[in-house]
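Pulled from TrEMBL, these are the features on record:
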type	residues	note
DOMAIN	1-316	domain 'PTS EIIC type-2'
TRANSMEM	12-33	transmembrane segment
TRANSMEM	100-118	transmembrane segment
TRANSMEM	124-147	transmembrane segment
TRANSMEM	168-198	transmembrane segment
TRANSMEM	204-223	transmembrane segment
TRANSMEM	232-253	transmembrane segment
TRANSMEM	287-309	transmembrane segment
Amino acid sequence: YWHYAITGTVVQLMTGSLIYGVLGAICHAALSLKMADWTAKRVQNIVGLEGISIPQGYGSSSVPLFVLLDAIYEKIPFMKGRNIDAQEIQKRYGMVGDPVIIGVVLGLIFGLAAGEGFKGCATLMITVAAIMVLFPRMIRLIVEGLMPISDGARKFFQKHFKGREVFIGLDTAVTLGHPTTIAVGLLLIPIMLILASILPGNKVLPLADLPVAPFFICMATVIHRGDLIRTLLSGIIVMITVLLIATQFAPYFTDMALKGGFSFAAENAQITALSVGNMFGWSISELMSLGMIGVVIVVGIVASIILVLRKRELPE
């Protein structure tokens, strides 16, 4: 939930007002909670864990974009009404859709692209195949461990807040066990580097954020119901926005690091993080930088979204 604090801090640095900063953080939190409520049923269906939602600061901010893109995909003839996930591929083409085979193919592609020899390619193939098989099982164990806590917390809140359905907010990590998230996340690593080198206006070179690429498309897997093609396309689009926003936020992120006592190896160097490149943080800070008018607009938009989605849920 530090994403809310980052948004508030950026607003404070832009406007010089602590009050505006606090309001910005509250607005980001309110939007995230509303997105979590709106997508809860579909999240539960995809993850396989009842009574949960995902209000995580970045994941929730990507929901509106993915919902919009999903609606656009439905207008494309060859994508309309089709869901190409690992299970569908396995049903149509047999073992080709098996996570092990997908992992072997991805490992071979990465090895050849990196110019590795037979040994390097073989190692990558085995490693990626193992990730495709073991990671979902690890996440499943974590989810199973969370179930008693989730059930107990839900019963407690239902007892004290009768007539209201209460969800337990969890991190996007609970969606990482889905084969689509793993496969697309691995594909996004080289794609991120290519985008970083050719995208006009981008000044960010992803390094530490590369291993967490799957986190950027966790909610795409949920919104697109595990569809590999849609999730990959949405992943590429969202990474473009993430890189550009992270570039724009670099001066503020650097300022925060300096005030926190971080030492830079080079003078006038700037740092940033891809995880700060979320739509909610960017739109809130940009509008609030206009001053009182921007604050009123943001509060009005947030209130309107909450009212419109008050009794609505994204279909499973």
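Glycine is treated like the rest: Cβ placed from N, Cα and C.
Heads up, TrEMBL stuff is auto-annotated, nobody curated it.
Note on the transmembrane segment (204-223): residues 39, 42-43, 46-47, 54, 58-60, 62-63, 66-67, 70, 172-173, 175-176, 178, 180-182, 184-186, 188-189, 192-193, 196, 230-231, 234-235, 238-239, 242-243, 246-247, 250, 272-275, 314 of its chain, located 6 or more positions outside it, place their CB under 8 angstroms from a CB of the stretch. When pLDDT values are averaged over the domain 'PTS EIIC type-2' (1-316), the model yields 83. At the 8 Å Cβ threshold, with sequence separation of at least 6, the transmembrane segment (287-309) comes into contact with the transmembrane segment (12-33) through 3 or more pairs.
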